[in-house]
Amino acid sequence: MASTSSLSLSNSLLARSVSHHRPGLCLSAASPLPTFSGLKSASSSSPAQIPIAALRRRFLQRQIRAAAIETLAPAETSLVDNSVNTIRFLAVDAVENANSGHPGLPMGCAPMGHVLYDEFIKFNPKNPYWFNRDRFVLSAGHGCMLQYALLHLAGYDSCKLEDLKSFRQWGSKTPGHPENFETPGVEVTTGPLGQGIANAVGLALAEKHLAARFNKPDCEIVDHYTYCILGDGCQMEGVAHEACSLAGHWGLGKLIALYDDNHISIDGDTEIAFTEDVSKRFEALGWHVIWVKNGNNGYDEIRAAIKEAKSVKDKPTMIKITTTIGYGSPNKSNSYAVHGSALGAKEVDATRKFLGWPHEPFHVPDDVKKHWSRHIPEGASLESEWNEKFAAYEQKYKEEADVLKSIITGELPAGWEKALPTYAPDSPGDATRVLSQQNINNLADVLPAFVGGSADLASSNLSLMKKFGNFQKNTPEERNIRFGVREHGMGAICNGIARHCPGMIPYCATFFVFTDYMRAAIRISALSQSRVIYVMTHDSIGLGEDGPTHQPIEHLASFRAMPNVLMLRPADGNETSGAYRVAILNKKRPSVLALSRQKVPLIAGTSIEGVEKGGYIVSDNSSDNKPDVILMGTGTELELAVEAAHELRKEGKAVRVVSLVSWELFGEQSAEYKESVLPEDVTARVSIEAASTFGWERMVGSKGKAIGIDSFGASAPAPVLYKELGITAQAVIAAAKELC
């Protein structure tokens, strides 16, 4: 059997010179073509039957930036080549079978994937959630068949052969992008480019933080790496730059990113839009940078680069690995044609002939099976050794072991809820951002892995834990994370922290309007079932003079529309505590807390327990569940509904006031409960919220009235804005009188 690693060149080869990427390098006309043994020519000129000599020439011509090719020892070459080609063809066959997918990346990245998974990553295939495993993230998630093929060879039950054959199909464990909730062995959900590398930064941050807190001079109980493969698309996305800037600043030495440097994106060669020197950029960001020039079959180079990366302890490492997208495809390699669609039957056949792969689809040769099968007993042994190590650690450091165990399992400390502050009706009012700060600091005392911070607004959104310092390169044991002005990176990093282990509870804070910067990260939080707490202050026109650029209008409605997100807008201290209680208890969905800048009074009738229902009665002077009118509000406007009810009752009206702090939680209650709060027969309903009225028809019905703001705000003091935009108790009273 012939294979591409039987290539032997006396000189380094480049298919063509691209001066802005690799100045001064070119393919010499005198460079000899590689020799392939065991391949026969065919007489037909169809793509599948082009003479092999022509295929070889075409293949080399299509390698945009081929790398230095070295001859490996034959004994090693044969097995590694078989393994690498197995990975390639499992991907090719799965994509072909589905007639959908991205074969190019798996074909090009198979060598680095093989070396990484087979020789470096520490894992247990039969327990994908073993705590001290190394984490792997495929940031270029469109190439997910690379990861599925590796998981299959390694012995993960989530990627059996039948799972590969059902790639991208309904109910499959192998969806079109990696999803942690579908495929055990997949750490995080990646899809939008750049999210994955940011998640990897979060995973590496969590490892560094826990290691600093729990490791002892005589026992490193937390000791694992985070590896990530990212591509040109990830490098172009701003979220990756934000996260990688922080990774360099924090000195995350156990983060190793392998950059698939193939210079092809969907629209073609990246030279049309992306010509920067990525290596210099990462050096400037504080990363150690290595360039592997032959990612196609330079196994020794890849191996040496990863070893070097692991030896660098004080900064993350980016290994730029120059590859050929679709490596082995004679007619489509090094082109966008192999990026996002199946090769097609003729090209698959041509690729099989070119790589000397005579096997039927989804075939795994016996020598490859035997070689990879060792990972099952080795993985079990790694976990067993760590368990023994932890047992010894527990005997010597009982208190620390108990805390670490709770973080690993996600078990909340007994009585943690008692830390939530409670407020009497006569307590002085305050802005819910201030009340949020009280919650954050109280929870920091009882939740050992409660960590978080702000996007350069901590003094305004009041998100610091006062008893702790800042997580920095030299103080990783601290719990306040300074994200800088990087909302998108902040959210995506928090997703990684949340996915590290069940007990990690990250929060992040900024102004509510700036969720626009981080919406993709919040959506991934929801999709990946990650408990991230988004502390969003300055939640309405109440922020005042900063004007419409900073005043969120449509944001409440947009997050209420997002699946698996809890959108919470508390009205006072008790509801703020209730919102944090809900956010901590909901382990499989993120929570967005919209908090006020302006002060609010403590409202009689609000409660921590009521928030858990999402909507509940705050006050009511009706009987038999038949009020004349129901007034509804959230956040700072609940006070206006209460004030309006007081005036209407003076006129003899039976008025019910309902707090709808979380529509999602209210929607999950029983029909009986919802009827007890919003009886269907009572159609006289008025809502008030200093935001878009979009969606309120669900609550007020076709005969009710929604008071809100369906335009942008303005720059003026908050009381003036509320009056001028009609967000007043008088407006509620007038609307109620029209209805009853």
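Yeah, the Cβs are placed from backbone N, Cα and C, and that goes for glycine too.
In this view, GLU487 (active site, proton donor) is surrounded by 26 other Cβ atoms within 10 Å of its Cβ, with every protein chain counted. Taken from TrEMBL, the feature active site, proton donor applies to GLU487.
Positions annotated as substrate binding site by TrEMBL: HIS102, HIS339, ARG433, SER460, HIS538, ASP546, HIS550, ARG597. Cβ-based neighbour count (10 Å, all protein chains) for HIS339 (substrate binding site) stands at 23.
The feature thiamine diphosphate binding site is assigned by TrEMBL to HIS142, GLY191, PRO192, LEU193, GLY233, ASN262, HIS339, PHE514.
Annotation source TrEMBL lists Mg(2+) binding site at ASP232, ASN262, ILE264. Sequence-distant neighbours of ASP232 (Mg(2+) binding site) (same chain, six or more apart, CB under 8 Å from its CB) are ASP260, ASP261, ASN262, HIS263, ILE264, SER265, THR270, PHE274, listed in sequence order.
Annotation comment: TrEMBL describes 430-602 as domain 'Transketolase-like pyrimidine-binding'.
Long-range neighbours of HIS102 (substrate binding site) (same chain, six or more residues apart, CB within less than 8 Å of its CB): VAL95, HIS142, GLY143, CYS144, MET145, HIS339, GLY340, SER341. Per TrEMBL, site 'Important for catalytic activity' is recorded for HIS102 (among others).
According to TrEMBL, the site 'Important for catalytic activity' annotation covers HIS339 (among others).
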ASP546 (substrate binding site), number of other Cβ atoms within 10 Å: 14
Residue among the binding-site residues ASN262, SER460 whose Cβ has the most other Cβ atoms within 10 Å: ASN262
Using Cα positions only, nearest of the binding-site residues to ARG597 (substrate binding site) (GLY191, PRO192, LEU193, PHE514): PHE514
Neighbour-count leader, CB within 10 A, binding-site residues: HIS142, ARG433, HIS538, HIS550, ARG597: HIS538
Residue among recorded positions LEU193, GLY233, GLU487, PHE514 with Cα closest to the Cα of HIS538 (substrate binding site): PHE514
Between PRO192 (thiamine diphosphate binding site) and ARG433 (substrate binding site): CA-CA distance (Å): 31
10 Å Cα neighbourhood of GLU487 (active site, proton donor): matching binding-site residues from GLY191, LEU193, SER460: none
Residue among binding-site residues SER460, ASP546, HIS550 with Cα closest to the Cα of PRO192 (thiamine diphosphate binding site): HIS550
